[in-house]
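Student: Please see the structure below; I have some questions.
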Amino acid sequence: MNDSMSIPHLILNASVVVQLVMILLLAASIASWVVIFQRSFALSRAKKAQKAFDERFWSGVDLNELYRDVPENHQAQGSEHVFRSGFREFNRLMPKTRSSEAVLDGVQRSQRVALSREEDSLNANLTLLATVASASPYIGLFGTVWGIMGSFQSLSMAQQATLSTVAPWIAEALVATAMGLFAAIPAVIFYNRLSSIASRLLGEYEDFAEEFHSILHRNLQGRGGNQTT
Amino acid sequence: MAKRNRRVGYGLPVVLAIAVHVVALLMTMLRLPDSEPTPSSSSVVQATLVSDVTATDQAQYAKEARARAAQRQAEEAAQQAAEQQAQEAAQQAAEQQAQEQAQQQEAARQAAAEQAEAASERRQQAAEQAAAERAEAEKQQQAAEAKRQAEAEKQANAKAEAEKKRQAEAAAKAEAEKQQKAEDEKKRQAEAAAKAKAEKEKAEKEKAAEAAKAEAEKKRQAEAEKKKAAEAEKKRQAEAAEKKRQAEAAEKKKAAEAAAKKAAADALSDSIANEQERIANAQQSDQASNSFINLVKRAVEDRWHLPANADNALVAQVRVRLGPSGELLAASITRSSGNPSFDRSATQAVEAAAPFRELQQLDAGLQRRFRDFNLKFTPGDVQ
């Protein structure tokens, strides 16, 4: 009884459609777990980088120094990326125009571009998790329904329908649903968790962009006052 | 996005994801070897007798057992007597056996009496025992009478055999005498013929004296030779008769020895038969108890509804106490499985299976044994 009702045995004895569904679900599960691990590592790294840059930025260091200090081949990330693109735009516009509003507009625009890119990278692949979470139960259910259909078709030929003749078929069919849920449950949980972490990080980036913008605005006001006087 | 991907590669996540799935698969696989070695006994409910009877009870049981053994012995003795009538068995062996059995029974009775005194049992039991002993004594007397009859018949048989032997010997002797007589007559005839010849020859001798003398001498010599030959034959015959007698005596001795050996062998085989019968009786009582246990087990199994959350490893022990007619007095959990619903299902199964009317069909001693027993509940192969 134990041998014939073991899960590997049931998987191997299932019909072709059910087996295809199971393979699809296994692939979806593996993909979702790959995304889960990759996103978890990436987001934890982004969090660390954000914390480090925050400390450095608010340590009272000169902004030009901070901008120049960063090595060229270093790929800026998160709020650092926002800061660098904003500051680069600011430095480029400063010699060309006297209007502080135009400079601030340009800086804001470039910061918005950087922010949207960061958002993109933070939420990358999370849509796959959402798809797996929402679709795999239905796929598994399809496999189960198909398997039970097959079981009833074969049952119609049997003389006596006892529980022991029906049980293996139904167990076989239910394995598909189990696999769908096995793929969906971690995907749902980690999608919620990872997207919440990403949105919090994005909120921190936006806060930093606003603060940086206000610093630049303050500087421009002071410089503009000096130039007018 | 491209930057992020370069920083956090997909290699490690892929490895980890596959590891997660392999672990999940192994967890489903690993439960198999764990569940497979569990004993796949066909019986789901295992019954064991509770051996917590009091000391006085045990003494009573011992006495009853002895009384039963004595009854069995008496029956065996009667059967043996019947068998011996048909057989040409030895009398002494039977007497010895009877004596031994009587001694054994007496010893059993003495032991029983001593035990009775020691235990200071109730008067009713004493009366029962006395009745049992009387019954035994009667049986023994019957057995003894049967033996006596058997002995008388055997003696008659032996006498008849002895007479037959004597007749056969007499016939043999008569034949021998006849032969001797016939030989004697032949000799006499031969002598008479020789004498007649001699007379004729004498008459001839007168005619021819010289030839006659020589012939007479020759005849005398011939007669002497004949006499010598006859004497030798007589001696030979006497020797043969002695040899025959010796041979017969040896045969008689051999027959006696064989009879003694047979008697010893019969005594041995009888004691072996007694032993075997005792063993058979013990096995029969065992079988009866086993059949009752199996009956109870099957009845309880049929009415046992396993709770859905029951684990295969669960084991519960229920102590069942029955009334004299098999009705359920109490079913209590003696060893809990840790799962209250499982325990409840076990006691409910016993309650549903009661009463066990088959208890009445058992012997009194077995009944008392099965008034109190344990049932061990293991889910086992229940689907």
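Even glycines carry a Cβ here, placed using N, Cα and C.
If you look up TrEMBL, you'll see A:12-37, A:126-149, A:169-191 marked as transmembrane segment. The feature domain 'MotA/TolQ/ExbB proton channel' is assigned by TrEMBL to A:77-206.
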Student: Counting only residues 6 or more past its boundaries, what in the same chain has a CB within less than 8 Å of a CB in the transmembrane segment (A:169-191)?
Tutor: 5, 7, 10-11, 13-14, 18, 21-22, 25-26, 28-29, 32-33, 36, 39-40, 126, 129-130, 132-134, 136-148, 150-151, 154-155
Student: With DSSP as the reference, give the number of residues of the domain 'MotA/TolQ/ExbB proton channel' (A:77-206) in helix, strand and coil.
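Tutor: The composition, in the requested order, is 112 helix, 0 strand, 18 coil.
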Student: Find the average pLDDT over the domain 'MotA/TolQ/ExbB proton channel' (A:77-206) in the predicted model and report it.
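Tutor: That region's mean pLDDT is 88.
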